[in-house]
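Data block below; observations after.
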Amino acid sequence: LPNMFGNLRSTILSLMIGSYASSAVTFLGIKLIYDLGVSFRLIMWVWTGLACIVILNCFLNWPGESFPAPEDSRYTKTMRMNGVVTEDRITGDRYITNVMIMEDTVSPKPQESEKRHSESTSKAAVPICQSVCSPIFLWSVLVMAITQLRLIFFMGAMNKMIEFLVTHGDPNPGLELRKEVEDQVAFYSSIFGMMQLLCLVTCPMIGYVMDWRMKECEEEHVNISTSKSNSSPPKRDRKIQKLSNAIRAFIFTNFLLVMFGVISLIDNLPIQVLSFALHTVVRGFIHSCCGGLYAAVYPANHFGTLTGFQSTISAAFALLQQPLFILMVGYLGGNPYW
């Protein structure tokens, strides 16, 4: 879908990732509905029905063919010079004006034999094992795994963290203190839930970083019928600009992740609202940055495979949150700052 928007692909993709990440705000709505007395079973049945509608929508609205990207071999830009004849009604003189017309065209769908031949040629050119074993991919997997574990563990341990900040580690709080703990946990949990909407607002920002100056770059597949002017300044290389933008976005996101880790260690409950905001922003940014990095470095036919590898490894590594949570609640006495 983002391929429909040309040089704004990363911005649109980030917006879609932001809408996906901000969907967690619906759990706050479920909590409020449950507090009003609606049975949990009824809520889950309605939720299941909505999920079935989403699955049905995938079958009805999924296109038969993918939208070609500007660097796709099926996508070409042609520029041709047409002469437009205009006539003066008073004098009868005719004038010929040259008009430059740019056309975006998509070549017909290739035959199966040609498609298999092109796929085998492209795969043979750069083996998938070479991409998987490259240092950039391995480091990105490590960063994504640690980031996912940190973000998910923070969500799982947030209530215990708030409780520890209120009681200051008191193992036997009084009745008033327990009441304050319940109120503070409910209040700050609601704030954290509402902040999930920040993903929808902030994710296009990282997409804009990855699309920065892409319009000034030269096209990779352009057929021009006229010669280029010698006076025109040289354009930026598209691949280099794409890689530079991805590196900037990745560095900025990891800087925010470090800031989130530092702020979450501060023993002050109101300041943790800032850590909630950084958690939400990083959760939306990191997937866009990783996808932009893969798109800039690796062949297009490796993008899906590398993304799948990275998601699988990150999800498996994130399973460590359960033993970490058990360790925090048991041996560490509920102290989340270990």
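A Cβ is built for glycine as well, from the same backbone N, Cα and C atoms used for every other residue.
Taken straight from TrEMBL:
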- 12-34: transmembrane segment (TRANSMEM)
- 40-60: transmembrane segment (TRANSMEM)
- 136-158: transmembrane segment (TRANSMEM)
- 185-209: transmembrane segment (TRANSMEM)
- 246-266: transmembrane segment (TRANSMEM)
- 278-300: transmembrane segment (TRANSMEM)
- 312-332: transmembrane segment (TRANSMEM)
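Beyond the transmembrane segment (185-209), the same-chain residues lying 6 or more positions past its ends with a Cβ under 8 Å from any Cβ of the stretch are 8, 10-15, 17-19, 21-25, 27-28, 31, 158-159, 162-163, 245, 248-249, 252-253, 269, 272-273, 276-277, 280-281, 283-285, 288-289. By the Cβ criterion (under 8 Å, sequence separation of 6 or more), the transmembrane segment (312-332) is not in contact with the transmembrane segment (12-34), since fewer than 3 such pairs are found.
At the 8 Å Cβ cutoff, the transmembrane segment (12-34) and the transmembrane segment (278-300) share at least 3 close pairs (sequence separation 6 or more) and count as touching. Long-range contacts of the transmembrane segment (136-158) within its own chain (CB-CB distance under 8 A, at least 6 residues past either end) are made by residues 188-189, 192, 254, 257, 261, 264, 279, 282-283, 286, 290, 293-294, 297-298, 306, 309-310, 313-315, 317-318, 320-321, 324-325, 328, 336. Long-range contacts of the transmembrane segment (40-60) within the same chain, counting only residues at least 6 positions beyond its ends with a Cβ under 8 Å from a Cβ of the stretch, are 30, 33-34.
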